[in-house]
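J.: Take a look at what TrEMBL says about it:
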- 37-59: transmembrane segment (TRANSMEM)
- 65-85: transmembrane segment (TRANSMEM)
- 117-139: transmembrane segment (TRANSMEM)
- 163-190: transmembrane segment (TRANSMEM)
- 215-248: transmembrane segment (TRANSMEM)
Amino acid sequence: MISMAVHSLHPDVRLVTPAQASEWLNAGWRDVWRNPLLSLGFGALYAGIGLTLFVVLNALGMGSLLFAMAAGFMLVGPLAAVFLYEISRRTETGEPISLGLVLGGVKSRLDQIGNMGLVLSILLMAWLLAGLVVFALFYPPGMPLPLGNFIEDVVLRPESFRFLMVGTLVGGALAVIAFSISVFAMPMLLDRDVGVMEAMEFSVYAVRVNWRTMIGWAATIAVVTFFGMATAFVGMIVALPVVAHASWHAYRDVMGRH
């Protein structure tokens, strides 16, 4: 499918359609199996981190924080995926691929990637703080509950609807901000010699121009990531690389493959 260029202050931004999301996922799947050791290796690393957090929080009786941590991961996902973007970039350009070369490629842009990571980390901290505030408003003791107790309370307490509504609104607002500024910014920082502000401006503009498609794409990422986490993080070994590689191809279609 051929995308159409948008003639504006951002002449590189192209219009993409919802139908292209399946093409991005297929391309992401192919990239995983072109470089299975590295792609699945990074997936296993992040799955291991997630599983460790799950076990630790459960052991501390703070399992209710798992939902906040899962949502928080969605905010910083593009930062976690940066090495997978570099694998896709090298696959596309025909450059050699190895762990050292991938790490070196990211390192060469580490200053701007670090700045982007700082922005996303601030959003993550804002989300965790907001989550604790919302939790304290509806749970007077103010302490996170074990996972089983939390799920039972959410089902049985009459205040649960308001709790879920407020939490969803706050988390959704931060998710929209994080997605808009980073979904194309992080790949762009690897692809072009630009600063973080220019990359974020491009990303926000591209999301705004393609807002219908991007709503569907954000939902697709959320669903795939959710199922990856729901399998005790085992599914994340494959889900994260597929989504990350697919996001690179989404960026290339929005930017234009030239």
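All positions are counted from 1 along the displayed chain.
For all residues, glycine too, the Cβ spot is worked out from N, Cα and C.
Mind mapping these onto the model and telling me what they sit next to?
T.: Sequence-distant contacts of the transmembrane segment (37-59) (same chain, six or more residues past either end, CB-CB distance under 8 Å): 31, 65-66, 69, 73, 80, 83-84, 87, 97-99, 102, 146-147, 228-229, 232-234, 236-241, 245.
Distant neighbours of the transmembrane segment (117-139): 64, 68, 71-72, 75-76, 78-79, 145, 153, 159, 162-163, 166-167, 170-171, 174, 177-178, 181-182, 196, 200; these residues of the same chain sit at least 6 beyond its ends, with a Cβ under 8 Å from one of its Cβ atoms.
Sequence-distant contacts of the transmembrane segment (215-248) (same chain, six or more residues past either end, CB-CB distance under 8 Å): 18, 21, 24-25, 27-29, 31-32, 39-40, 42-44, 46-48, 50-51, 54, 70, 73-74, 77-78, 80-81, 84-85, 87-89, 92, 175, 179, 183, 187.
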J.: When you scan the chain for residues with a C-beta under 8 Å from the transmembrane segment (65-85), skipping those not six or more beyond its ends, what do you find?
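T.: Result: 39, 42, 46, 50, 53-54, 57-58, 102-103, 106, 113, 116-117, 120-121, 123-124, 127-128, 131-132, 144, 147, 171, 174-175, 178, 182-183, 185-187, 190, 221-222, 225-226, 229, 240-241, 243-245, 247-248.
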